[in-house]
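A short worksheet on the structure shown next.
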Ligand code: AFP
């Protein structure tokens, strides 16, 4: 079966579905090319002097891995000169990065987590890159952080690359979810699945159980029912997976269903959760909804949340619609 390329898919979305503008097509192709370069760097492993700590901390106060820095630099360099962006933001940078004055500017804002799951990189477990695309507000030529603070419903595109046994690019421009596999011989992403759908029901959940004692009551109830299995109120057994790379857990759910949870917990009451809204939760929520799933923060639809900070954290429940709706309903019950 001859697979169409990412470029052909984007051309069809531009001319047939009339869903995207040329600059957005260029943006996505640039990000895909950067993900190919990141995949090559990761693939070298210990042979490429890319593993281990970078002996530096990022804005989150987390020790950076060398590949966090490498992936961030690849994405920044690839995107600054093309003329498609007004500015970009990264998990690794405290403030948005402006487009240098020597380059033309465009109408889009790009946000990304350059290397998600970096605590897994040194043990050879799948990691990824997550990205989100917004429009720069009309008439704004030098966007600042406030121009990025748009709800997830304003995203014009979202995607992730997962660097696993194969390297995949998963993308939505609002017309369903497409999966591209990197053909390493050709050096190009080719379409291997389109209009992916997440089953509404599942018997598989993903959560870091070691935080259980700090969960709030609705999550305690929901997970204990899953663990009780056929002997409990659900009447069936469930399985658990936790890769601790969001891209890997979300891709499994996109592929066969499931529910992914990173709730807020009382371990650090000041933190609203671990995952970041703008460049982890929102892009994944757009993808999951485009695939027929659901995504909430336990109380409301994630894509409706009005951001208050570029690096704000939020609780995440996403995946098979019926399970996300159940655990969200538990948050709305009294007591
Ligand atoms: P790192 O990038 O620091 O490894 O964090 C990955 C992540 O943001 C997300 O990809 C995982 O789902 C989650 O954190 C794992 O968190 P725990 O290590 O607390 O399970």
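Every residue, even glycine, has its Cβ placed from backbone N, Cα and C.
From a predicted model like this one, the values you see are computed outputs, not experimental measurements.
Per TrEMBL, domain 'Fructose-1-6-bisphosphatase class I N-terminal' is recorded for 5-193.
Residues or ranges marked as Mg(2+) 1 binding site in TrEMBL: 91, 113, 115. There are 24 other CB atoms within 10 A of the CB of residue 91 (Mg(2+) 1 binding site), with all protein chains counted.
The annotation Mg(2+) 2 binding site is assigned in TrEMBL to 113, 116, 280. The Cβ neighbour count for residue 113 (Mg(2+) 1 binding site), using a 10 Å radius over every protein chain in view, is 28.
For 116, 117, 118, 119, 208, the entry in TrEMBL reads substrate binding site. Note: residue 208 (substrate binding site) has non-local neighbours 242, 244, 262, i.e. same-chain residues 6+ apart with C-beta under 8 A of its own C-beta. In this structure, residue 208 (substrate binding site) belongs to neither helix nor strand by DSSP; it is coil.
Per TrEMBL, domain 'Fructose-1-6-bisphosphatase class 1 C-terminal' is recorded for 198-331.
Listed in sequence order, the residues of the same chain lying 6 or more apart from residue 280 (Mg(2+) 2 binding site) and placing their CB within less than 8 Å of its CB are 91, 113, 116, 130, 246, 316. When the binding-site residues 118, 119 are compared by the number of other CB atoms within 10 angstroms of each CB, 119 has the fewest.
Confidence in the domain 'Fructose-1-6-bisphosphatase class 1 C-terminal' (198-331), given as mean pLDDT, stands at 97.
Proximity to ligand 1 at the level of Cβ atoms, with a cut-off under 6 angstroms, picks out 118, 119, 208 from the binding-site residues 113, 118, 119, 208.
If you draw a 10 Å sphere around the CB of residue 115 (Mg(2+) 1 binding site), it holds 31 other CB atoms from the protein chains shown.
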